[in-house]
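See structure below.
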Amino acid sequence: GWQVSMKSGSLSYILPCSRLPMQLISQVRVYTSNGQKKDLGSEDTNGSARGETLHKVETGQDTANAGQKSSSPKQPIQVKVKAVLKKREYGPKYTQNNFITGVRAINEFCLKSSDLDQLRKIKRRSPHDDTETFTVYLRSDVEAKSLEVWGSPEALARERKRRKEAEIKYRENLFRNQRLLWEYKEFFGNTKPRSSTAAMFFKGPGKVVMVAICINGLNFFFKLLAWVYTGSASMFSEAIHSLADTCNQALLALGISQSARTPDPSHPYGFTNMRYIASLISGVGIFMMGAGLSWYHGIIGLLHPHPVESLLWAYCILAGSLVSEGATLLVAINEIRRSARAKGLSFYQYVVQSRDPSTNVVLLEDAAAVLSVAVAATCMGLTSLTGNPYYDSVGSLGVGTLLGTVSAFLIYTNTEALLGRSIEPEQLQRLTELLESDPVVRAIHDVKATDMGMSKVRFKAEVDFDGRVVTRSYLEKQDIEQLLQEIQQVKTLEELEAFMLKHGENIIDTLGAEVDRLEKDLKQRNPDVRHVDLEIL
């Protein structure tokens with residue numbers, strides 16, 4: 001059943017239908033279907049030899065050199081074989097030797113803490129700063145213990161399902177439970193001791209905000225009475241300004257209290273940005289309520305002017321407002337100076353960078369209040385002297401413009417803070433130099449340091465560690481003579497694998513310890529660094 005046979009130079013191509021060809025470069029031997037070797041004679045180009053016996057084909061050069069090849073002795077072929085460990089397939093049996101923490105063992109395998117007392121305990125390096133080691137268990141031991149407690153995998157699966165349904169039911173009833181707790185507190189009163197959140201309003205930014213709320217509330221009440229008595233557009237703008245300040249500072253107090261909440265699984269980095277969010281909303285409120293109503297009332301006064309009544313009481317109330325607003329302004333200035341001095345910044349840098357958004361809002365609102373009182377008093381005085389009510393309306397427009405400028409500044413600075421801006425280049429350079437000067441670090445890449453607000457910085461970098469230095473650090477803690485004896489006892493590939501796995505795992509632990517040391521050094525160099533993420537290249 002040979003279909004076609006072609007010859008080209010010293011190569012022969014045989015395409016069989018049910019037989020495989022044997023191809024050689026200088027010599028081709030083909031065999032018949034019954035295994036007999038024959039020579040291959042001349043072939044017709046039109047394929048006349050189909051179905052006949054195939055012959056042996058040899059070139060003239062091979063025939064001439066046949067005697068020389070048969071007389072020369074054959075040289076042995078030396079092949080160097082490299083010993084390579086067989087690739088291991090990591091299946092469930094291997095993962096049983098993995099470590100598992102006690103919390104995971106209790107949650108995933110439905111065990112009690114007393115069930116773990118009988119298991120083998122292994123001490124591992126702790127990733128936390130406050131503890132050096134923590135206890136883990138072998139997963140195989142935990143699985144065997146769970147089967148001993150529950151009897152069978154089916155019973156364990158049923159218990160897991162039951163606990164999952166109970167957790168879902170608890171989450172569904174969580175809102176209802178919180179509502180009942182709130183109603184209980186309202187009915188019986190809150191007998192809990194004063195929390196640290198309440199203590200925040202007796203010092204620092206909280207104290208500044210509470211003082212501003214009290215003063216601006218009184219100012220709004222008296223200014224509102226003066227506007228009702230006089231009908232002055234400027235006095236109406238001042239009353240609206242004080243109301244806006246009071247509402248915004250109440251919002252700041254809410255932001256301060258929320259920022260003191262402890263981190264939870266949904267918000268692992270805490271709630272410190274609540275101060276910036278409250279300040280941002282405050283800036284929007286100043287623009288909409290303060291500036292908007294002042295512009296509206298000023299435009300209405302220009303379009304429909306009306307005579308202004310006696311302004312004597314208005315002047316007295318403005319004078320009292322100037323004193324009270326000035327006192328609040330001094331409190332805010334002193335607080336910012338103290339905080340800026342502690343951070344090593346100037347007063348202007350501290351305000352522009354919005355390091356303390358709550359105090360910044362009080363400072364700018366009170367500064368705008370003092371200036372707006374001066375503008376309102378000037379315009380009202382011109383109206384009294386000339387009898388022209390347009391000056392009073394122009395004063396309302398001036399107060400609205402001043403409030404709009406303050407609100408735009410607050411919106412810009414707080415938006416920049418919420419977007420996650422970088423820290424100062426000098427601080428970033430010091431942190432970078434600390435890493436680069438460490439012997440264990442070969443190079444660092446993609447360095448980022450984000451200001452999370454309220455003196456909290458998150459530092460991230462990709463670090464190329466020097467494996468030789470890490471290994472040498474591990475060897476310095478070992479008994480070299482004992483290590484040499486272990487090496488000399490290695491005779492087989494299995495013993496070599498066990499030796500390398502043992503010390504390889506220890507070297508990885510040493511690398512983790514070096515990462516912890518670098519993170520601790522970064523936090524000591526810059527106390528504002530709270531979160532450090534070092535990625536190993």
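Just so you know, glycine gets a Cβ as well, placed from its N, Cα and C.
Under the heading region 'Disordered', TrEMBL lists 57-76.
Per TrEMBL, the feature compositional bias 'Polar residues' maps to 60-75.
TrEMBL lists 208-229 (among others) with the feature transmembrane segment. Sequence-distant neighbours of the transmembrane segment (208-229) (same chain, 6+ residues past either end, Cβ-Cβ under 8 Å): 201, 235-236, 238-239, 242-243, 245-246, 249-250, 252-253, 256, 309, 313-314, 317-318, 320-321, 324-325, 327-328, 331-332, 335, 358-359, 362, 365-366, 369.
Residues or ranges marked as domain 'Cation efflux protein transmembrane' by TrEMBL: 209-419.
The feature transmembrane segment is assigned by TrEMBL to 276-300 (among others).
Here TrEMBL flags 312-333 (among others) as transmembrane segment.
Per TrEMBL, the feature transmembrane segment maps to 367-387 (among others). Proximity of distant same-chain residues to the transmembrane segment (367-387), defined by a Cβ-Cβ separation under 8 Å and at least 6 residues beyond the stretch ends, is recorded for 216, 219, 232, 234-235, 237-238, 241-242, 245, 307-308, 311, 314-315, 318, 321-322, 325-326, 329, 394-396, 398-399, 402-403, 405-406.
Per TrEMBL, the feature transmembrane segment maps to 393-412 (among others).
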Can you work out which residues elsewhere in the same chain, 6+ from the ends of the transmembrane segment (393-412), have a Cβ less than 8 Å from its Cβ atoms? 233-234, 236-238, 241, 244, 279-280, 282-287, 290-295, 297-302, 305, 360-361, 364-365, 367-368, 371-372, 375-376, 378-380
